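Heads up: the structure comes next, in structure tokens.
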Amino acid sequence: MSQPSTANGGFPSVVVTAVTATTSISPDIESTWKGLLAGESGIHALEDEFVTKWDLAVKIGGHLKDPVDSHMGRLDMRRMSYVQRMGKLLGGQLWESAGSPEVDPDRFAVVVGTGLGGAERIVESYDLMNAGGPRKVSPLAVQMIMPNGAAAVIGLQLGARAGVMTPVSACSSGSEAIAHAWRQIVMGDADVAVCGGVEGPIEALPIAAFSMMRAMSTRNDEPERASRPFDKDRDGFVFGEAGALMLIETEEHAKARGAKPLARLLGAGITSDAFHMVAPAADGVRAGRAMTRSLELAGLSPADIDHVNAHGTATPIGDAAEANAIRVAGCDQAAVYAPKSALGHSIGAVGALESVLTVLTLRDGVIPPTLNYETPDPEIDLDVVAGEPRYGDYRYAVNNSFGFGGHNVALAFGRY
């Protein structure tokens, strides 16, 4: 008995029909895409007061070009955490981009991942209680703190009743959300799903914590040149704020409502390392297995893959492990792009953002240049796209996302 796959009709055909994102380059995805193709960077010197207050070792990052809160009313600010406000903003934008379709709410799901959720409200609530006692804690504190809050806000906003879910798997959360949304659809539990990831803003505590792990770049004098995925001289990642969502649905559902698909979502692979809390397994075996599984479910072979959108954080061990994973999966012939070189790392949102970029590569037949890839690492044998955009006949692509805790997620996409 053969493995069921999208290619052999074992799973229904799933398509991507709308995308949206906000980034440190632009508040909309199409302008972000143009900026990436032009070699722009969203990473700059941070001017936040907390940088000098705490004399942080890392003084660079990428704030959103257009702050989420500039679109929020007074009640939104009081009743929702930051990621919930981002979810509301992006959910509305995505639905408008999709043409505000009429869908059956009982066949409509929402899956949105995050790394920390509304964690800032924990600190705020503690400070209020410390200053004035328990009665100063807002009755809305729980709903603002809960990690599933952003997905719940979108589900309420759009009326989704086929399930609202929130993967919390560190840096793979956004991609895992898309994977679970795909599963909801191919298992017959939904026809359409909003999926993606959101994350909080750059703050002092996360910078301090990741810096103490020696995971972040300290090239403070060269912000735009700091994030150097796969480069021999890479020294860590840089934070870059973002949020991203996509609308996926069965091809049959999309055609029935007259939607124009952007790409196909063909398969999703999820594995774990069982190796270390924060370090990837250097051999890349289980990460590579996630890639292989996504191809199996898609009905593709490694030779079919023209492009890999890499997790590429620019940490010395992470990039080397990913290169091994790509080799293990047999996809080392593919053209590789590392978006974090330009956009930085948005933790729970980044997998969704990079999935959206993968869709745009397949739509437009072009891969943006990986910034700051100047000195190839002799230990990494990959075809990294750098210097200028690379145009080509890209049919199939894989997006990789790997998270602390040993989480590995790979998504297989196809040109429509």
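Cβ atoms here come from the backbone N, Cα and C positions, even for glycine.
Annotation comment: Swiss-Prot describes 11-415 as domain 'Ketosynthase family 3 (KS3)'. Per Swiss-Prot, the feature site 'Interacts with the inhibitor thiolactomycin' maps to Cys171, His311, His345. The annotation active site, for beta-ketoacyl synthase activity is assigned in Swiss-Prot to Cys171, His311, His345. The feature substrate binding site is assigned by Swiss-Prot to His311, His345, with a curator's inference given as support.
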Local confidence of the domain 'Ketosynthase family 3 (KS3)' (11-415) - pLDDT mean: 98
Position of peak Cβ density within 10 Å, selected from the binding-site residues His311, His345: His311
Neighbourhood of Cys171 (site 'Interacts with the inhibitor thiolactomycin'), C-beta criterion under 8 angstroms, separation at least six: Gly115, His311, Thr313, His345, Ile347, Gly348, Val350, Gly351, Ser401, Phe402, Gly403, Phe404, His407
Helix, strand or coil at His345 (substrate binding site) [DSSP, three-state]: strand
